[in-house]
Amino acid sequence: MTSETHRNPTARAANSPTPEQIHRAPKVLLHDHLDGGLRPATIVDLARETGYTQLPETDPGKLGVWFREAADSGSLERYLETFSHTVGVMQTRDALVRVAAECAEDLAADGVVYAEIRYAPEQHLEAGLTLEEVVEAVNEGFREGERRAQASGHRIRVGALLTAMRHAARALEIAELANRYRDLGVVGFDIAGAEAGYPPTRHLDAFEYLKRENNHFTIHAGEAFGLPSIWQALQWCGADRLGHGVRIIDDIEVKDDGSVTLGRLAAYVRDKRVPLELCPSSNLQTGAASSYADHPIGLLRKLQFRATVNTDNRLMSGTSMSREFEHLVDAFGYTLDDMQWFSVNAMKSAFIPFDERLAMINDVIKPGYATLKSEWLFR
Ligand SMILES: O=c1[nH]cnc2c1ncn2[C@H]1C[C@H](O)[C@@H](CO)O1
Ligand SMILES: [Zn+2]
């Protein structure tokens, strides 16, 4: 596919939402890393409190810039190196509670009404916490953040996804942990980390265990590595969703006359309504896409894949859900109807029970967009 084929030169439409409307619109976030979303000022505080001495900057403003620039590396491996500093200050119970509470607060203030936040418990054991203590601290933080959000007039519901690192060998143990804390704040499982060289099938035992337990999982696949990774994640591992999955574009052919042919895998992904947790800004930094206008989300939305919009790592990308939508509105001329479509797609794909998803869609998301869409009548 040439990069020019799917550029939308008209960009913003007359009825595209303003940044203020985007901010107020109810948004649903399925792919966001807890250790990729800390406030820079909190990192500085926690480093001081916990004796972490490796920070590249101690001024919060400069530190924020440092993360964005260091993550802007063009390679997933180098992008991931920046996490040593956030994980480095997230080793105590208090630190985890604080980071999780602020995460929920920040998302709620941005208009996110439902979020699934992931992190790898195995990365937070350096100061002696157990896996269980890590999960309980993060859950406590999320509950505290939900309460604070409500007190300031925002409503958000946050579920945790437990991630296992794909280069390590603890996936089954983490899957069992996710199962133990199911209905206690944890809604599913994930694997993350460098993709090339670490296929998801390395962790087949964990996925087979979760399937036997009727539990849910997503797999980072099709980000830095292409179709074989997506194929394995779906057909060997049985993933419910794809973390990124953006490289499914490699199985879609667009001819000069505009006609589109889906390969077998792309057809499967669309036919089975496999949710794609797309993260535009993150993809630009790791080299998986070259610009917002050229990001495959434009074509995937047109072809009605079950596409969702996500932040991945708000700190490393200097982003938020509102900012991701602002970029997409600018690049593709999206309207509130498009935003609603992405948000409903995400809510349908969440790992909480069906009746709760439906209530979020009918009682929160649709009324929220209806209010925004009717505003022109009273302008
Ligand atoms: O986009 C990503 N791809 C693969 N791994 C990632 C991505 N963003 C964050 N991670 C890793 C680094 C974190 O330490 C870990 C758990 O959140 O997940
Ligand atoms: Zn990710």
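Including glycine, each Cβ sits where the backbone N, Cα and C put it.
Just so you know, TrEMBL annotations are computer predictions that nobody has curated.
The annotation in TrEMBL ties His31, His33, Asp312 to Zn(2+), and of the candidates under consideration, His124, His216, His220, the one tied to the same site is His220. The two recorded residues, Asp312 (Zn(2+) binding site) and His244 (site 'Important for catalytic activity'), have Cα atoms 9 Å apart. Across the structure, His220 (Zn(2+) binding site) and His244 (site 'Important for catalytic activity') place their CA atoms 6 angstrom apart. The recorded positions His33, His244 differ in how many other CB atoms lie within 10 Å of their CB, and the one with the most is His244. DSSP assigns His220 (Zn(2+) binding site) to a strand segment in the three-state reduction. Around the Cβ of Asp312 (Zn(2+) binding site), 29 further Cβ atoms fall within 10 Å across all displayed protein chains. Reported as a whole number, the C-alpha separation between His244 (site 'Important for catalytic activity') and His33 (Zn(2+) binding site) equals 13 Å.
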